[in-house]
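Per TrEMBL, these features apply:
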{"type": "DOMAIN", "residues": "A:98-303", "note": "domain 'ABC transmembrane type-1'"}
{"type": "TRANSMEM", "residues": "A:104-125", "note": "transmembrane segment"}
{"type": "TRANSMEM", "residues": "A:137-164", "note": "transmembrane segment"}
{"type": "TRANSMEM", "residues": "A:184-203", "note": "transmembrane segment"}
{"type": "TRANSMEM", "residues": "A:238-264", "note": "transmembrane segment"}
{"type": "TRANSMEM", "residues": "A:284-310", "note": "transmembrane segment"}
Amino acid sequence: MWAYTLRRLLALIPTLVFASLIVFATVRMIPGDVIDMMLSQNDTSAGQKDREQLEQALGLDQPVYIQYFRWLGGVARGDFGHSLWQNTPVLDQILARLPITFELGLLAIIIGLVIAVPIGVLSALRQDTTGDYLMRSLSILMLAVPSFWVGTMVMVFPSIWWGWAPALVYVPFTQDPLANLGHMLTPALILGMSLSAITMRMMRTMMLEVLRQDYIRTAWAKGLNERTIVVRHALRNALIPVITLIGIQAPLVIGGAVIIEQIFVIPGMGLLLLDAVGQRDYPVIAGVFLVVGVAVMLINLIVDLSYGLFDPKVRYR
Amino acid sequence: MTIALDRPAASRPRRGSATMKFIGRLFREKPLGAAGAVIFLVFLFCGLFADVLAPYGYNQISPINRLKPPSWQFLFGTDNLGRDVFSRCLYGAQLSVIIGFCAAGLATIVSVVIGVVSGYIGGRFDMIVQRMVDAWMSFPDLIVLIVVVSVVGPGLLPIILVLGLLLGIGGSRIIRGATISVRENMYVTATQSMGASTFRILFRHILPNVMAPVIILFTTRVGFVILAESGLSFLGLGVPPPAPTWGGMLSGSGRTYMLQGPWLALAPGLCLTFVVYATNVFGDALRDLLDPRMRGTR
Amino acid sequence: MHSPVLEVKNLAVEFGSGAGRVRAVDDVSFDVRPGETLAIVGESGSGKSVTALSLLRLVPTPPGRICAGEILFHGEDLLKASEASIRSIRGNRIAMIFQEPMSSLNPALTVGLQIAEPLQLHGKLTWAKAFERARELLGKVRIPDAARRVNAHPHQFSGGMRQRAMIAMALACKPNLIIADEPTTALDVTVQAQILSLLKNLTKETNAALILITHDLGVVARYADRVCVMYAGRVVESGSAQDIYANPQHPYTLGLMASIPRLDQEAGQRLTPIDGQPPDLAALPKGCAFEPRCRFAMARCRRERPALESQGGRHYRACFADVSC
Ligand SMILES: Nc1ncnc2c1ncn2[C@@H]1O[C@H](COP(=O)(O)OP(=O)(O)OP(=O)(O)O)[C@@H](O)[C@H]1O
Ligand code: SF4
Ligand SMILES: [Mg+2]
């Protein structure tokens, strides 16, 4: 298992190299000369610094490939450079924000599963009934509803009707867990609902597939009732492919978090990125960009590895 | 073998009637998908003829008509500057049509080029391309969009280009899969052994046979693009105001007035949901009818 | 002799609806007594598995439907039994072994749990005791190193071992009747004989009745006491194994007999498999279903469907012709 994990990590290296190239190219190359843009488009963001200082800060006085390797070398040592604006190390900022987005994403995934699994299973068990059609239409509809619209409506309508508005002040979990969860719940619910649409469909399809299997017939032949068959014999097998979906959904969760964090004023990675974009703080943008990509890769790796917990057939070779 | 080789050409003359037959099947077997198609066409129509259909201009400010609730004069009410929300939604449809079709079209072309080439050549080349696609796909679409727009600045063209490239790379997987399965098919090997050029094989034999996934990909991408663009506009990074994007109408200065005019929060969101829902069900129906093997992919 | 464990009367099962409706089992009757082995034979698609499944009401519904008949288990009609009471019979008093050992065990659960499950379910033992018993049962079906293997997952077992595990599972509650649907078709020839002998011996121990479904007449000759020959969803001949082998009375049975290699066969004599296509259930002829392939067919066979009639004692057949010559 450890050898397998190591091998998977090694296999990740080429992907990581490509990812770093993408980040580097997107942030540094596209505008041609970042400095010109910074000085001309938005002089406030350049702060008090003049052109030379900026060039040095960004390392732009070097040839491109040197820039890349210097940046990569720094990143490998955990040095993402300094924020142009706040003069704090980018890594510190990211590390402060990462757990917040992680909490939001985790809550959203859990809520998504809690909604999707029972509904998907029921939908499969009652295949082609009115309830099944209703739940399926609902899930296609949920795919189409943009979460920022739901978020907007949640801010507007409850406060018009009942004078209630979701809390918008972030409280760290360590300080007051209840207040923290109270703040996170609404955004996590909105995010979780949009995730559950896909999971629900997948759950239904997998459940239908599993229910047709021979071993389910064996279970019936033993005299088990429907509940035990579903819970003990079908669910585990149907959940295995649904687990991979969590890995596939990771980018969706993080992308969705950006918007949700903005609406509900949650100081996570998304808000950090948006603030950095507003200030054209390129080291921060690059840092967040890279960390998000690496996080998605690691989540996928973890999901793959945890597969063995659910599927006894998986051998780590 | 000769029969198989003739197939792509032979089916060509009767395409018109085949299309009619297909539309008939769509309406009979997939009523929901057909409804989606109709909504989709209505949306397209609204977008194309927004200038004619809209009763007011999209930026026609009228201080005396500030924050009027929906009425016969202003179907969806007016915003904080007294602009007609209905007209703005129509012009919003226009922008969505432009962005949706251009970006989805670009995405499809990118997908086809990468997918077909990578799948057809195979081997080490395919492996390297796939690692690159892996790396690309680990970045959430919205984050790539935000970063790129932050670098190149907002605007219609960058959004179309970035969205097209972004979704195109992701979608190449599906086309690659289809290409590989077509390549394995007997008649391509047969043509190859007869000495046809690679170019000819790609265009005459592979491309016509991956047409079903291509059409499906295009349809589902339209909805996706519209959603992504509206998210970007919502964050203030889309087409800059006063251009009436649906996402932009839900954010920005209008947001503060929603408590006084809740219709401001409803109209653009409903338009978005409606159109994206329609493209989704239409895309699903197309997929079920054209290529049942793709069921469950998205 | 004892009264029958199971008596099936005029069973009929249909699949699908409208134009695509087929009668996979039609007017099937038979019975089995304690300690007896009844073989059901017939070519692929003749309705053997559907018959077996309907005995425990396991026919997938929809598309299937048991539309007529009685299934009397110790005199109680299973088709009229409540859902709860049929569940208390399944796996407990009637157990089933399936055709597909590779896919009939749940890949996500240990073999031991799956064998222990019916014991716990039918209130015989606690989980702990049931696991204990599962280990004994695995030993009994001659799985080497049973103590360790109870905790294995099915994918770690070979096909033969899985079928042994299925047998252990079926025997767990000491059922009165075991239905084995082609338990060895998917296995190696050498393993086949071991599994069948095992099954036969273990059922003899508990005096359980055994319904053995097969299309291998060699198996029938070695293990069966009585035989039911099915064709296109109907029983065309039934009787003791002796009757069927020494005195086959239906042209289809004759054909089957001729198609098995015999030791007393003259050297060089060719096997004579039955000519023609297996019947299409959706388009059966009005008369005898075997008529298109029958050597003895006459005008009457096309008009009328022969009924199952006694040939003396418990030997029945459904045919108009005189085939004794
Ligand atoms: N799930 C089903 N759906 C529709 N028709 C079915 C189904 N199961 C069985 N049938 C019908 O019942 C007929 C008999 O099938 P059955 O499985 O009983 O054959 P069998 O005698 O067991 O054959 P084999 O030797 O191949 O196992 C089939 O030909 C088919 O027409
Ligand atoms: S009834 Fe006629 S057709 Fe049918 S088996 Fe007998 S002889 Fe043959
Ligand atoms: Mg069978």
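Residue numbering: from 1, along the chain as shown.
Each residue, glycine too, has its Cβ placed from N, Cα and C.
Whatever TrEMBL says is automated annotation, not expert-curated.
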Count the CB pairs under 8 A between the transmembrane segment (A:104-125) and each of A:137-164, A:184-203, A:238-264, A:284-310, then give me the winner.
A:184-203
Checking distant contacts: for the transmembrane segment (A:238-264), what same-chain residues at least six beyond its ends satisfy Cβ-Cβ under 8 A?
101, 104-105, 108-109, 112, 117, 121, 147-148, 151-152, 155, 166, 168, 183, 186-187, 190-191, 194-195, 198-199, 202-203, 206-207, 209-210, 270-271, 273-274, 292, 295-296, 299-300, 302-304, 306-307, 310-311
For the transmembrane segment (A:137-164), give me same-chain residues lying six or more residues beyond its boundaries with a C-beta closer than 8 angstroms to one of its C-beta atoms, as numbers and ranges.
119, 186-187, 190-191, 193-194, 196-198, 200-201, 256, 259-260, 263-264
Apart from its near flanks, which chain residues at least 6 from the ends of the transmembrane segment (A:184-203) lie with a Cβ under 8 angstroms of it?
103-105, 107-117, 119-121, 123-124, 135-136, 139-140, 142-143, 145, 147, 150-151, 154, 166, 238-239, 241-242, 245, 249, 252-253, 256-257, 260-261, 263-264, 266
